Structure formats: structure tokens, C-alpha cells
Amino acid sequence: MSDPAQEGLLLAAAYVYDAQYNRNIPFETSSQAVRLYYLYNHWAMQAATYFFIFVDLSLALFEEPAAYPLPFLATSLVEVLCLLVFFGRLFHFAKVTPRDVFWKDAKNICIIIAILMTLVDLIIYGSLRISSIQSVRWSRPMRPIFLVNFAESRQIRRAFRSIRNTLPEITYVFLLFMFSVLMFSLMALKLFGGRNLRTVEGLPYFTDYLDIVFDMYVLVTTANSPDVMMPAYDFSGWYCLFFITYVVINTYIFMSVFLAVVYNNYRKHLKNEIRKLVYMKRRKMIEAFNLLKVKEGTEFVVKEDKWKSLIKLVAPDISTSHRELLLRISDEEQKGLVDKKSFVRLADLLNIQVITMKLRSHPLAVWFPHLYNSASSLFIRSIVQHTGFVWLYDVIILVNAVFIALDEKNPFISYAEWVFLSLYIVEILLKLYTYEPRTFFARNQFWNWFDTFIIIAALIATVLNTTLKSVSIYNSQQILDIVFILRVLRLIRIIDSIQRFRVIMNTLINIVPTMLTFGGLALVVYYIFAIVGMEIFHGKVQFFAGNTTIQHALYCGNPSLKDSTFAHAKYCKNNFNDIVSSFIVLMELTVVNQWHVLANGFALVTHQAAKLYFITFHIVVVIMIINIFVAFILEAFFVEYSLEKSEVETAIEKKIQELGVGIQEEELLDGKLIDNMETSENDLGGEEGTVKKKKPKGLMFKIASKRYRTVDALLQRMFEAEISPEEEGPSLDEILNLSSDDTYLKNPTFDNVA
């Protein structure tokens, strides 16, 4: 192959690779730039970037105030090393991206500014430290910028863009909500301020307007209900109507409106982002097709040899058989040519994991065929394969649950545990006798692995516990705890026995990547608030062990907390003295219950204005991020729970059935098939170039999983059905210049999105 042809193939493979993994990074198309681009996207480079981001964020554990103190010189050297890695990664990105595009990209500018400001902060802080002058590391809250703005974190950036795009509508609702809170607070001041009422702590009730606003805001979260109402309610039962009206309007109506506004706007902007993503994928596949196409008759096509060379570059680990299967799907008429429409969907085909399965006989059928195929053997196997066998063991599990809840010291209960263990061991042995062992323990048979592990572990732990009980000088409580846990875990098996349970669990598992995305978003917000909280509150609250006799331990080492609810509740360990404690406090604030006690406590040891920190956290995390998280999970759950298989997935299954090498899902239970994923080293499909060669006897294909590998794949499933398959969309340059909230006028359905 000539050098220009090879360069064109490499460029086409880069486009397909980007389309497969939904990357929209613009890159130079020169041969050197394409090779650098491959290196930039190598998994090792990405893993190294995330590793140093993790190290950079983890420095908060070792910096003052530290959970595990290290010298400033050590932490500063590690941080400088991380900054050098980040700069190197950014420089690498600049070498593959057009210069005008690089400098217009806001995320690159953010990384450069963050690196420079961190270096300046290190120099200033180090100089002041040498001069014994106390200072603040003001650049530490900027560290999450590296997590958000590197190209690999596109899902987190999308979540932040969604928040930014929904802010205008949320702001209007929030202003109206705050107006309601302020109005009700003013009414509360006039109603109760002059009646000389007292709170349970003996303080004046509703006499200070700012305190009233805070208490009424807390009431919206229900954290201080009904405590805040009780003094007025004790004075007159009619005053409960004031608080009930307030809660109905602000807690139930306004909070529901918040969710509705967030869901509606978030979904709208998310749709536009995914349309851009789908158009980008489609356009990159078209660019790849244009690089490889040749004219055959009246249409342009890609020849089989070029197509195979492309697949080897894009997916080198798939087997020859898998590659031939993809070719059969792309070249329906087996002319050795792939048309444009079939080529464009190649990225989706590559994202569907196909495994090769091979017919195998049970070892006992090979070693003892007459015995294994005898009438009694067939009868036993038919019982194990019957649905009633599953139901029987479901009943046994439920009965076992009742015995687990009973008193362990009763000898009858103790003996019953051995009976249940014996029944479970018999179940495993019968299944291994009925089903081919390698099939039973195939990689996709999670519940078989789970059952066997739990039962064997419980057997070992129970035997060990019984043995140790006979040795009176040895305390086997820890072993006993393990036994208890393993017994309870055994009950999880019931989930796999009920179809609806399996559907729900599979749906939850499938949307785990989306949860991880919002986990990254939460980490960014938590980290920023934790660092700021440590700078404001560290050392203000101290925790003392329960056996201490120090007097000021009763009020957390700070006289300002004497006789406070914070001290009476023994919240001393809820402090901002290190990053770990700070994260725990923020998690408690996210749960909301008693968050006002924490806010009041830290306000007492600093200033009443400190309450703004806690209110801001509640607004950002609970009202905005949690609602957006709920909106996304709702959308993802609806799609996963209701939609049928995708078009490309159905096309693969259809072709597998046409070739006579397919299996149905229910056939997996017959014990005759084994999950044996092919690799380039362990190829079951013959040598290259054997398209028409008959496949080895017993070779079969199956879709490995209905789960989505990436968040992007799930998101596209949610919205790509609205885009016509024939719609190519704008060019690459036009797509890159579109903002996330732009609509695409070529498709009339875009203007009518929710």
C-alpha cells in the first residue's frame, strides 16, 4: 500500500474511532498530527492524566489542615510535578489541534490560567511561610478545574453546561421563592415578634428578622419541623394554619416547580447536546467514507480489503469470525463492497459486544455416556431444569430468612443452619451435574458465581466458627459477624428469581455510568466547598474522645458553643479540621436533616454571616444538582425500562439468525453453550480471507450484553430516534461552531422539543 493510501487509512480510522467513542475533538489531518492524536487518545495516556488529577486532588489530605500532615516542601513538589504533567498533556493536545481552535477553546484557557495561578500561589505562600507569616492557599479550590476541563471529562463538562443553561429559568423561580420566604418571614415578625414568646432554649422567639428568614428557609427543608412552630402553636392552636400554609406553598409547590423547571430545561438542553453529538458521529463516519471510497458503477463504495484494513486498525482485538460477521451485515449481497449507508453505521456496530459460543458436551457425557444418559440421570436433570426446582429453592430461601431473624443461641436454630447449607450445596452439585460446568461458570453467569461464592464462604466460616467456639479462650465474634453477613447476603438470590426484579436491577445497573458522571460533578462541588469550609472553620470546633475528663470537651473546645444545640447533640466530630471530616459534614448537609443545627453551630464560633455558606451549599447541591440528577435518572430509567433493542443491535441479531449461528436468550439455560469470547490470539473463526468458508462446527454468536458501555451511548439512545437516518446534518466545522443550545433547522422536529 502506498504512503498516501496508508495515511488516508490512518485518518479514516481516527474518524471512525472518534465516532465509536463519541469524541468531538478537532484535530489536524497531517500524518504526524494523526499519529500524535492516536497517542493522545491511548488508554495509558488517559489513565496517567486521571492518576495525576487524583494525586493533585488528594494533596488536601496532607496539607494544613491535614488528616495526615506532610511537610510543605513535599506537597509543593508533588503539586509542581502534577502541574508539569497537566502542561505536558495540554501541550500534546495543542500539537494535534488547529491553533485557532485551540486558543478559542475555553477549557484550554481555564487549564492554562489554573496552572499559572497555582504556581503564583505556591511561590507567594512559600515565601510568606519562610517569613513565618500566616497565609491562605487560595488556589486550592481551583484544582477541580483540571478534572473538568481535560478532554476526557466531556460527560462532567456536559453536566456543568446543563446546569449553566438551566440557570436562567431556575433563577426566576428561585427569586419568586425567596420573595415568598421573605414575605412570610415579615408576617411572622409582625405576628409573633411582640408576644414575648420563647424558644425551647429560652431565647426570644421571632424577634430578629434575619434569624426569622433563616428559620423559615430551614422550614422549607422540613429539618426544623415542627420545632420552629411549637412556641406559636402552644400560644394558640390557630397559628398552625400560618405554618401549614407556608409549608404547602414553599415546600410542596415551589420545590415541585423547581424539579419541573430543572427537568424541562435540562432535558431540552441535553437533547440539543446529544443531537450535536449524533451529527458529529455521523459526519465523522461520512468523512471516513470519503477517504476510502471508490466509484463502482453509479455509486461510491468502500472495497472489502480497505474495509478489513480499517477494522484491523480501529478494533484490532476482535476475532476474524467477528470481523466476518460485521462484513456480512455491512455487505448484505456479499459483493465485496460496502455502501455509504452501511458504512456510516459501522461505529454503532463496533459498540455492540458480540461473543462467540461453542457447543460442548458435559464431561460426564463424554466419560460415562451410558450412565449420564440413563433414565434415572435424565429424570434428575429434568427435575433440575424444571421451573418448580427454582420455585422450591425460592421457598427455601424465604424460610431461611425467617430462621436468620430468630435467636442464634437456640440450638434448634443453629442445627437448622447446617440443614440450609446442605440444601444449598446439594443445589450447586445438581446444577453442575445438569449443566456443563464451563457454561455454569461462564463470565456472564453472575448469579451462579455469586451463589457459589456465598455458599462456600458461608460453609467455611460456619465450620471455622463452630471449631473456634470449642476453644473457650478464643473470641470468635468477628468470624461470627462474617457468618451473619454471608447468611443475609444469601437472600439476595431472590432478586434473580423474579422477572420484574431482574428488569429493575438490570436497569439500575445500566444507568450506573450516568450516576458516575454525577458522582464526578458532586466531587467537584464537594471539593470546592470542603476547601473553602476548611479555610473558614478549621480549628473552631474540636472533637475529644468520649472518655476524656477535659471540661471544655462538653462544648467542643469552644466556649461559644456552651449550652448550644450543636454541643448538646454532641456534633463535635462534625467539623472542618481536615478534608475527610469536611466531606462527611457536606454529606450530612446534603441529607438535609439537622443541617440548621450545623449551620447555627459554625455561625456561633465565627459570625452569623457563616450561615450564607450553608445556605449556598443547600441551593447549589440540594436544589440544583440533586434535582438535575433526579431529572437525568428519570429520563435514563424511562428509556432503559421501556425502549426495545436498538436498530443496529437488531440488525446484528437478524444476521446471526440468517447465518444459522445464532441462539435465543432462553437457550442459554440448557447447559449446552459456553461463553467463550474470541480474541485475536484465540481465534475460532479460521484464517483471514475465509469469508465464504464454512464456520467450524458448533460455532455460534450472541449479543454479549444489552448494557451501554458509555454515558454517551445511553444518551444517544434517548434522543437519536428523532433524527432521520438520512439526515447528514451540518459539516464538521459548522457542528464545532454550534453552541449546546442551538437547534438544527434541517430537521423540523427539532423546533418542537420538550
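Positions of Cβ are set from backbone N, Cα and C atoms, glycine also.
What TrEMBL says about a protein is an automatic prediction, not a curated fact.
Listed in TrEMBL:
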TRANSMEM  43-62  transmembrane segment
DOMAIN    50-268  domain 'Ion transport'
TRANSMEM  68-88  transmembrane segment
TRANSMEM  109-128  transmembrane segment
TRANSMEM  170-193  transmembrane segment
TRANSMEM  243-266  transmembrane segment
TRANSMEM  388-406  transmembrane segment
DOMAIN    389-642  domain 'Ion transport'
TRANSMEM  412-434  transmembrane segment
TRANSMEM  446-464  transmembrane segment
TRANSMEM  476-495  transmembrane segment
TRANSMEM  507-529  transmembrane segment
TRANSMEM  612-638  transmembrane segment
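Between the transmembrane segment (170-193) and the transmembrane segment (243-266) there are 3 or more Cβ pairs closer than 8 Å, counting only residues 6 or more apart in sequence, so the two stretches are in contact. Mean model confidence of the domain 'Ion transport' (50-268) amounts to 90 (pLDDT, 0 to 100 scale).
Contact counts against the transmembrane segment (109-128), taken as Cβ pairs under 8 Å, peak for 68-88 among the stretches 68-88, 412-434, 507-529, 612-638.
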